[in-house]
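Engineer: For reference, the structure I am asking about is given below.
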Amino acid sequence: MEMTMVGSNGGDTTETHNKINKYALACAIVGSIISIIFGYDTGVMSGAMIFIKEEMKINDVQVEVLAGILNLCALVGSLTAGRTSDIIGRRYTIVLASVIFMIGATLMGYGPNYGILMVGRCITGIGVGFALMIAPVYAAEISAPSSRGMLTSLPEFCISFGILTGYVSNYCFGKMGAKIGWRLMLGVAAIPSLCLALGVLRMPESPRWLVLQGRLKDAREVLSKVSNTEEEAVVRFRDIKLAAGVPEDCEQDVVKMHRKTHGEGVWKELLSPTTTVRWILVVAIGLHFFQHATGIEAVVLYSPRIFRKAGITSKDKLLLATVGVGVIKTSFILVATFLLDRVGRRRILFTSITGMAVAHLMLGFGLTMVEHSHGELPWALILSIISVYMYVALYSIGMAPITWVYSTEIFPLKLRAQGLSIGVAVNRLMNAAISMSFISIYEAITIGGTFFMFAGISVIALIYFYFFLPETKGKSLEEIEKLFGEPSPREDDKARDDVYPTNLLGKKKSFIFFSFLRERRLTPPTSTFSSSPAATSRRYFHPSVDPQPQATPFCSFNPTSVAPSPLSRTLSAAASILRAAILLSFSSPSVDLVLP
């Protein structure tokens, strides 16, 4: 099966759609092993905390701090990882993360007291910040558009596999006694960290990073290895050069690049962004926020407590039921890796988040029934276990991989590493917030009420994703940049319909969400990376002018052609408020807002 791939200059070439380059796959797998180590730590802590609490006689608040401090320290790692990877390269950043993991795991395995254990968790957290940023970036930058979804989702699969390994480790080492068992659980992670640090040195560097360094010859050599054909390598090399600002006809082996792409210039573009970069940041930050705000950390880290609340009392059965969580999570992540490049990001994500909301409602109901009963409720126990497994399965097939795949591929080349580091920082902050507060929350509003809360957040996430995420399946990283910029006025309507959503009522797209534009005489944002002040200074119509539908990626349908129902008017009002808040929050100071 073949597909046509159009380069940035309009030239056509062909590539095998269903063939994944074996060398690129091997590099992505090795680079993603760092995620297995992180996942192992997450999974093993759920069981280790049971034994740590018994031996060290710590309270629930200290347990929450021990669980969450890793993610707070990961903020430091994630915010420095982008700059570090731009300086020393993607490959050596993976080596650095492995060494940090090894030191942290050694300290936790030694762990004579709570203080040393906390130091080990903090050091490991810094390694987590590096790992979560660098693994998907490296996989995305060596992969072709036709296989990027699969290869970029490998780090998330490896996290799930690591979590499963941690759960199995809990079950096995838990039989060795309280004093030695949990130390082996935590300390054994130092061994794969050392092996990875040595193995990564045999991998090639990211071709996109090499181009940013001006090392064009090295980039061509890497692309020839990770592409299926020489023709594909040429097209990818041309697009990368254009994205990095290198002239297309440049044939030198080494060129001098502007240093502003490596340091303060990149952060300046992210912290004082153009309208296009603002929208990319809104999407990336939203994805990472909702990934953990919808409750995955509560289920993965505290699954033994959830199963105990549901009615399982035996420690062995608790750990065995937790192993089931890991098996399901890993299995469905594997399914997702094969679906992302076939079905598309949006459709899978909507299915995932809708099912997560339903699973939360079921789990909340089951736990509430158990909590208010005076005896055992076998049906409620079964419902709770099924709900946990259902939630993990649906999360793993969509929300888990798509967060990393999507947020990695939407950033332009020179902003990718440090842009993703902002998303990772939000990801770790939300992870810490949930892991450090879950026990306190369920003690305040009951454990059933907590999962009802997560169901509500999932619904909000669904609405957010519906309006803000265009489809990126099958597009090159350089083409994806254009989705958030200004389209051609003659952009093909059919192509736009394939990328942007239809509305919730099944009509043509944009009626509900962009009724606000018609009512307030506003046009959608149209600035791009290279837009001039003249093009961006007047993004709004004067009320005396009757606006015509604009050919932009966010609006291609005249809402007056559809008679609104009462439901659509209600949804339209809600969408108008959301749209107005976002426009006002992210508008530049030079914008003139004129309302009737």
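Every residue, even glycine, has its Cβ placed from backbone N, Cα and C.
Remember, predicted model here, so these are calculated numbers, not experimental data.
The transmembrane segment annotation in TrEMBL covers 23-41, 61-80, 92-110, 116-138, 150-168, 180-201, 279-303, 318-340, 347-367, 379-407, 419-441, 447-469. For 27-473, the entry in TrEMBL reads domain 'Major facilitator superfamily (MFS) profile'.
How about a rundown of where these features are and what they're close to?
Structural biologist: Residues 70, 90, 94, 97-98, 101, 105, 124, 127-128, 131-132, 134-135, 138-139, 142-144, 147, 151-152, 154-166, 169, 186, 189, 192-193, 196, 199-200, 203-204, 225-227 of the same chain, all 6+ positions outside the transmembrane segment (23-41), place their C-beta atoms under 8 angstroms from a C-beta of that stretch.
Among residues of the same chain six or more beyond the transmembrane segment (279-303), those with a C-beta under 8 A of the stretch's C-beta atoms are 42-43, 45-46, 67, 163, 270, 273, 321-322, 325, 329, 353, 356, 360, 388, 391-392, 395, 399-400, 402-403, 406-407, 410-411, 419-420, 422-424, 426-427, 430-431, 433-435, 438-439, 450-451, 454, 457-458, 460-461, 464-465, 468-469, 484, 525, 582, 586.
Tertiary neighbourhood of the transmembrane segment (447-469): same-chain residues 279, 282-283, 286-287, 290, 293-295, 298, 306, 309, 345-346, 349-350, 353-354, 356-358, 360-361, 363-368, 371, 406, 438, 441, 501, 504, 513, 575, 578, selected by CB-CB distance under 8 Å and a gap of 6+ residues from either end.
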Engineer: Which sequence-distant residues neighbour the transmembrane segment (61-80)? Criterion: at least 6 residues beyond either end, Cβ under 8 Å.
Structural biologist: 41, 45, 49, 52-53, 97, 100, 114, 117-118, 121-130, 132-133, 301, 421-422, 424-425, 427-429, 431-433, 435-440
Engineer: What stretch in 92-110, 116-138, 180-201, 347-367, 379-407 has the biggest tally of Cβ pairs under 8 Å against the transmembrane segment (150-168)?
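Structural biologist: Selected stretch: 379-407, with the most Cβ pairs under 8 Å.
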Engineer: Counting Cβ pairs closer than 8 Å, which of 92-110, 347-367, 419-441 has the most of them with the transmembrane segment (379-407)?
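Structural biologist: Most contacts with the transmembrane segment (379-407): 347-367.
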Engineer: So what's near the transmembrane segment (419-441) in sequence-distant terms, Cβ-Cβ under 8 Å and 6+ beyond its ends?
Structural biologist: 60-61, 63-65, 67-72, 74-75, 78-83, 125, 128-129, 132-133, 136-137, 270, 280-281, 284-285, 287-289, 291-293, 295, 297-298, 301-302, 305, 403, 407-408, 411, 450, 453
